[in-house]
Structures are given as structure tokens and as C-alpha cells.
Amino acid sequence: MWWGERYNVGPSLDYGLYSCFMSSFVYIFFGSCKDVTVGPTAILGLLTQPYVMEHTEDFAVLICFISGVIIFILGVLHLGFLVDFISIPVTVGFTSAAAITIGSSQLKSLLGIPGSADGFLDTWINFFRNIGQVQKWDSILGFGTIVVLLAMRKLKDFSTGRNNTQLSPGLRLFRTFVWLLSLARNALVIIIGIVLAYTLSDENGDNAPFRLTGDVREGLPPFQPPPFSTSSNTTEYTFGDMVNIYGTAIGVVPLLSILGHIAIAKAFAKGKPVDATQELIALGLCNIGGSFVRSMPVTGSFTRTAVNNASGVHTTLGGLFTGAFIMLTLAFLTSTFAFIPRASLAGLIVCAMIFMVEYDIVPLLWRTSSSLARLMALGRKALDLLTALKWYALTVVKALELDLVPLTATFLCCLLISLEYGMIIGVGINLISILYKAARPRVHIQHLSVCSREVLLIRPDSGLFFPAAENLREIVLKASSKDPRPSLTVVIDGSYVHSIDATMAKNLKLIVDDLKVNKRAIIYWNWEPGMEKCCRGVDDNLAGNFRRTNTIEDVFRGEPSEGDCRNADDSTSTVDICTGASDPELSNFPK
């Protein structure tokens, strides 16, 4: 109900209901997760609301159709893997910012103050500007709704504990009643609000102490194609005009629909694999079908899916009952909705948004970083305050280099700019991070003495492609030039390199030429035969630089300067040239 009230231009709530029944029917046949319920969500409503407020509801219906087509095509082309490029920190930053934005937008209805606002900052500006016009009874009902909902949410804990078989029949029945009461808490607070509003107002709904939602249009929506042109405020809009007005929402709305839907499907899969391609096809068809009955964009709903799961649904056929009940509601019960207090709806949404903000993600990201944990340990072991502060400062810097950057950037940009641009910025930071790691792979360097030979061992720890070609060449030349030992052999260990491209093969040839000028020998040790073949395609003479042995000592056995070929001796500690660290404990830290 709230989606329609927030989403529509006038007081009617019907568009929120229109968006629920067709998607429920379509998902029965094409969905693969028994618990998932597809319908309108707060985030999609918030993204599409500006176009409806400024123009007409037709913009909501058309973007539902366009989103469905895009999602369906992605499913048909098996492009569901693209979702994997959006990391958990970006998703969490977005959903948390959206939850705070949506919760803040309820202040107007919760307190009964006038005015309108778009976005987080505008909402709070409007609140402080009209704080003197707070309505007493709206505030009491709104905050009372929040208190009741939070208390009833805790009731479900009462029904857990000992196995029901250990309880008497009466106590089992009571626990079941308490569980059902907690499950139906959202409906109960709305019903209580309706009863209060109806009792305290006259027959026409006037003189109620609360602001009411108003009339809802009765009957089912017309079945017709989505509007590919429309008019608003005496202005005609063609399909191209409407697409230009959408702007970035054309890509952001389907993207967030996919993200939310797949995340919910995985959360309720209970260890079973989720067919992302099939879910994309199902979601696309839900939006396409919904656009023919005046639906707003839809995706998987976490709250309604949780209710489905708790209710014991075993197949997607549960959507039949959801859709049928909504159709019956539209046909016979819409007159009742006129008495729903806006404060009750606002309190309900605020409670839902409280639990969408993932407060625990920051300590989780901190704990899952081994480098941060090691830096913190070094700080605790420091013998003086200055050294401890140095390690703690380095810890903060490293934290900012890891997942906390996309999380923080996405969260702040979504709050302060807009949800669309916040998501785009977060994904952009993720892609930059991926490209940076591809261009600057970790390279470990050791100075060894093997069989009386001075060896500079260089070990890249990942695949090497063209972005990293010049960087590897620079590292090798810099390390060899800094080594003062006259008869130095450079050994590049390819044990952890699983693939290279033509650009990298060309640079491996250039490294040989550069070291030859400096009178340094070079050996490519334990590189895969396929990579050796790639290098020989650049210069067949490179075959003499490749060796495959079990140990580095075996590389030098039988050569003129063999000497004592027992175990290789580390002459210095390991140094990671990428980090510039000389401390052995920091040698494995990522850049």
C-alpha cells in the first residue's frame, strides 16, 4: 500500500496494488526459487518517484516495461555474471543509504508536517523548516506504531527455544498464536489505524484526528500495452522524449532490480544453487507482464519473501494465492483503504528501513582483512608510543585502500547526490580497483645465494597481462640495478603465473635484452609450456632462458660455477618492491 502512496502523484494507492498480482502469476511459471515474491520495493519506488511526481504515472509504467526488456535480454544472453562485478560493499552502501533516505522521507507523514522534498538533505531541510507545525495526534500514532511493531517483532523470539514436543498442548497452541501475531504485525497495526480513524471521524472520513491516505480507485486495472507516448501539463512526450527524461535510470533501475532479486534468491536458497539466468528471464517477464496492467518496476521483495518462507511455502504456486488475494482486494476492499492513517504507514516503513541498514558490515570488513589484523598486531607489540601510532596510522591507510573505500563512497554519494549516481560511482571504484590489481600485481623479491651463485629471485603471484607488462619490466630492472653483486643471475619464477598475453611476452623478451646490456643473466623458471610457446613466438631464441626444475638448486647444477649445491641460503629478508616494505612481516602485504 505504501509503495503506491509514495509513488503516485495523487492520494490513490492503486498503483502499488497493480504492481503485485501480475508478477505473482508470471513467477509461478518462470521462477526457480519457491520463496521469492516479486513486487514493488522501496528502492525502486524511490528511484522512479521523481518522474511520476514531475510528469505522470505513464512514466512509471513505461520504465517497468523497458526494465523488463533489458533484464530479459540479459537472461537470454546468459549475462548474469555481470552482477558479480558489483561487490558486497557497494551493494551494502547503496541499500543502507536507500534505507536511510526512505526512512527520512517518512518524517513528513510521521509528524503530520506540510511540505515536500526529494532526497535525504531536502527531507531534513523541510523537517527543520516546518518543525513548528508538528501535529500531535499524527506523531502519537506514528511513534506508537513504531513501538508496537518493534515490540511485536520480538514476540517471535518467544516461540523459539525448547522443542514443541516437550510442551503441553495448551502451551504449544499459545506459542503458535504468538508466532502468528508477530508474523501479522504489519497488517495488525494498519487495521488498528483504520479502526481508530473510522471511529474518530464522520461517515465521509472528515474531521479525523489523523491525516488519511484518501480514496483508492476501485476495480482491476485495464489490460493494455504500456504507454509509448504520453502528455503531462499540456506537453506531449514521445517515446524518445520519455527515454531522455529517464536518463541514467534506464540502466540503474534494471541493474538494481537484478541485484536485489538475485541476492534475495540466494539468501533463501538454503544451500541449493540459484539459476541466475532463469531468474533474470523470470524477473524480466514479470516486469514486461506487469507493464500491461499499469505496474511500476518490480523485483524480489525481502520482507514478503521472508513471510512466504516463514509460512511454509513449498513451491512457486504460492504466488497464485498472493495474486488472487490482491485482485479480490482491488475488486471489493478498496473503500476501506481510505481510512488508513498516513502516520501508520510511515511508522511501518520506518521499522522496515531500520533493519535494512547493515551496521555490522564495517567491523566485518575490518576483521576479514589479514593485512589490517597484522598491522594492528604490530601496533600492539610496539615498544614506544610513536611506533605504535605509526602502525595504527598505516592500518587506517590500508583500510581505506580496501573494501571500505567503495562502501563509504557509495554510501555518501547515495545520500548526498542521488541513489543512481551513488551506485555508478561505487561500481566505478570497484572496476578501478580490479584494473589496478591487474596492472600492479604483487611481486615478491628475494636475494639468494644458490650453488655459489648470486641470485635475484622475482616471483609474481598472479596472471600477467598487458596492463602489468611495463610495471614488471620496471620492477625487474630497478631491483637488478640496486643489487651490487657483480655476477648476478635474475630468476623470474612463473609458478604462480597461469596466463600471459602477447604484450607481456614481448616485454619478457625486452627484459632479456635490457639485462644483457647490463651483463646480467636471466632465467624464466617453471613457466607453463603454453606461456613458453607464446614467448618463443616473439623470439625463438628465448627457449634457452626457460627452465623447469623441482628446486632452484637444480637450475644451476652441472654449470661451471656450481660450488656447494646444498640448500639455498637467504642472504637478506624478503622484500616486496610493490609496497616498498623491508620488514619481513610486511613482505606479503598487498599494494
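Easy rule for this one: first residue shown is 1, then count along the chain.
Yeah, the Cβs are placed from backbone N, Cα and C, and that goes for glycine too.
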- Give the range, chosen from 280-297, 370-387, 442-459, 496-513, that TrEMBL lists as transmembrane segment. 280-297
- Return the stretch with the most CB pairs under 8 A relative to the transmembrane segment (176-200), choosing among 25-47, 59-81, 280-297, 317-340. 317-340
- Task: Tell me, please, if the transmembrane segment (59-81) and the transmembrane segment (245-268) are in contact, taking contact as 3+ Cβ pairs under 8 Å between residues separated by 6 or more positions?
- Result: yes
- Message: Applying the under-8 angstroms CB criterion, which one of 25-47, 245-268, 280-297, 409-436 scores highest with the transmembrane segment (317-340)?
- Response: 25-47
- Message: Can you break down the domain 'STAS' (455-516) into helix, strand and coil residue counts using DSSP?
- Response: 32 helix, 14 strand, 16 coil
- For the transmembrane segment (25-47), find every same-chain residue at least 6 residues outside the stretch whose CB is under 8 Å from a CB in it, and list them. 3-4, 6-7, 16, 19, 94-95, 98-99, 101-102, 105, 249, 252-253, 256-257, 260-261, 264-265, 268-269, 274-275, 278-279, 281-283, 285-286, 289-290, 295-302, 304-305, 307-309, 313-320, 322-323, 349, 352-353, 356, 419-420
- On average, residues of the domain 'STAS' (455-516) score a pLDDT of 86
